[in-house]
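Each remark here refers to the structure printed beneath this line.
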Amino acid sequence: MKKISVLVVDDSAFMRRVITDIIESEPQLKVVDTAKNGKEAIEKIRTIGPDVVTMDVEMPVMDGITALKEIMKEKPVPVLMLSSLTQEGADATVKALELGAVDFITKPTSIFKMNTEDMKTHLVDKIRIAAKAKLQSPAISASVRQKSTLVQTMSQGGFGLKKIVAIGTSTGGPRALQEVLPYLPQNLPASILVVQHMPPGFTKSLADRLNNISQIHVKEAEEDDVLLPGHAYIAPGDYHLKVVKIGSNYRIRLTKEDPVSGHRPSVDMMMDSLAQLQVSNVMGVIMTGMGSDGARGMKNLKNQNAYNIAQNEETCVVYGMPKSAVNLGCIDEIIPLQEIADKITKVVGV
């Protein structure tokens, strides 16, 4: 079997060594070269043509974001970003995913924690996934859509909550969400709940970015939020998102229960909580992502007469989660990413 070739890009010689050692410890992977900045990386991609690139965000001469733009324009290759656990790092990572990076991995706060078994497994798994990922053109830069100053008033009384739309996604999700949420009308009589597998801090950056380019309001979910029409709520990293009904309102509950399907937040956990409410005004959407989180939840929603759609294989970066749901026989329609926003609008009935 051909080994997956990796180019390691980092301005720190120590980090290049540590990352190389981790990758080389896996028989199916090999580091073909290293680069200390984005400019070097671009030159080496031209000559070597690696299967995957690991790219640091902050580097002298040319940073990771600038390099990524050039790579995606000139010679697209799967790029895995290495990000710091800072707000600046989270913002830069969301930008990188928007520009075409397949996924990211967070650097531990101490460089000496890079050698932990968890970190090794995480990095190796993500490189394997990246090597098989389907590259797509960068998200069409959605123009900032004007939000009416009346939205808040309208959402509290002008139009009612007719439906709850539950969206689950993982690898490739941040960019896929940019092809969905910005294209929903501001008078959408539904609340959108989103579980995107991401660490704490990164979900806030994602929510803020989506809010800036959408007509509906997008926010990171908070404990006890009341579900309002024309609003989207993104589960915060490391918290499960559940929905409860109190009186006539649906409210958000955030919990630290054990990971479900290997994740917290978990798509299954969110969808199961909606299924337990036994209401028929729910729509399930499962999008690009590795693994099977959400398949069981979609099936439970279907048992409560929800209308379920899945993103098709051709437009997924990784066709894992949608495939698992399709295999369970709980999907009403399989459609391309570009049609999901219109389908939600039609099913909800604006």
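Positions of Cβ are set from backbone N, Cα and C atoms, glycine also.
Heads up, TrEMBL stuff is auto-annotated, nobody curated it.
Annotation source TrEMBL lists domain 'Response regulatory' at 5-122. Among the features that TrEMBL reports, 4-aspartylphosphate is placed at ASP56. Annotation comment: TrEMBL describes 158-350 as domain 'CheB-type methylesterase'. As annotated by TrEMBL, active site applies to SER170, HIS197, ASP293.
Taken together, the residues of the domain 'Response regulatory' (5-122) have an average pLDDT of 92. Residue counts for the domain 'Response regulatory' (5-122) under DSSP, split into helix (H, G, I), strand (E, B) and coil, are 58 helix, 26 strand, 34 coil. For SER170 (active site), the number of other Cβ atoms no farther than 10 Å from its own Cβ, over all displayed protein chains, is 27. With respect to their backbone Cα atoms, ASP56 (4-aspartylphosphate) and HIS197 (active site) stand 21 Å from each other. Listed active-site residues: HIS197, ASP293. The one with the lowest count of other Cβ atoms within 10 Å of its Cβ is HIS197. Cα spacing between SER170 (active site) and ASP293 (active site): 9 Å, rounded to the nearest whole number. A gap of 10 Å separates the Cα atoms of HIS197 (active site) and ASP293 (active site).
For the residue listed as '4-aspartylphosphate', the count of additional Cβ atoms within 10 Å of its Cβ stands at 26 [all protein chains shown].
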